[in-house]
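Encoded as structure tokens, the structure appears first; notes follow it.
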Amino acid sequence: MTPKRERAVVCLSGGMDSCVCAAIAARDYEPYAIHFSYGQRTEARELVSARSVAERLGFKDLLHLKIDLFRRIGGSALTDTSIDVPKAPAEEAAIGAEIPVTYVPFRNAHFLAAAVSWAEVLGASKIVIGAVEQDSSGYPDCRPAYYEAFQHLIETGTKEGSIRVETPLIQLRKREIVRLGLELGAPLDLTWSCYSGAEEACGECESCVLRLRAFEEADAVDPIPYAHR
């Protein structure tokens, strides 16, 4: 008899990092995906990617949650159309030097809280999220200390049991994430990282620039279409 696998809830945005995390979870656990539509510019495109990735990897279920508070609060170029999404700095080294306008205030705490709630219901022991500190835009909710603090909150505020937050990519460089994804057979062709909602990725926002650079440094070809490379 095959041993019963631990269940894991994966925060699946549809982006490259969450896709690689999904591939890790599909390898190691019985995986369930949770996806959030929160008024972001790329809401529809991200949902298509998340569903496609979950299906390709054989996830048991995908829970799609709609959250209105970020759109109503505003303050981020991702949720407030009055704030332009900036192009990446001319000098790539400047990316992450300061918190950009694409930061959604305290977003990951809300995502994690919902994931923990569902994990309790499912009896899942793991929450997997694709936070990345290296080669990133400098978001404060993508640092190891943030997840260590949230782990303590889970242990304090949930019923008896053991739910752990896993951040398998947090210390990896982007090129290492690409290589890992290719090694695992992660469906990177289904992902979407761009902050634009156009048919093709813009190739000019910070997210696109970081992704394109990662594929180049990994000696690989990014399989998604770009308006500018």
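Here, residue 1 is simply the first one shown, and the rest follow in order.
Each residue, glycine too, has its Cβ placed from N, Cα and C.
In Swiss-Prot this protein carries:
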BINDING   Leu12, Ser13, Gly14, Gly15, Met16, Asp17, Ser18, Cys19, Val20, Cys21, Ala22  ATP binding site
BINDING   Cys194, Cys202, Cys205, Cys208  Zn(2+) binding site
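A Cα-Cα distance of 17 Å separates Gly14 (ATP binding site) from Cys205 (Zn(2+) binding site). The DSSP secondary structure for Cys202 (Zn(2+) binding site) is coil. When the neighbouring Cβ atoms lying within 10 Å are counted for each of the binding-site residues (Met16, Cys194), the highest count belongs to Met16.
Fewest Cβ neighbours within 10 Å among the binding-site residues Leu12, Ala22, Cys202, Cys205, Cys208: that distinction goes to Cys202. Of the recorded residues, Cys202 (Zn(2+) binding site) and Ser18 (ATP binding site) place their C-alpha atoms 20 Å from one another. Cys205 (Zn(2+) binding site) is 15 Å away from Met16 (ATP binding site) when you measure Cα to Cα.
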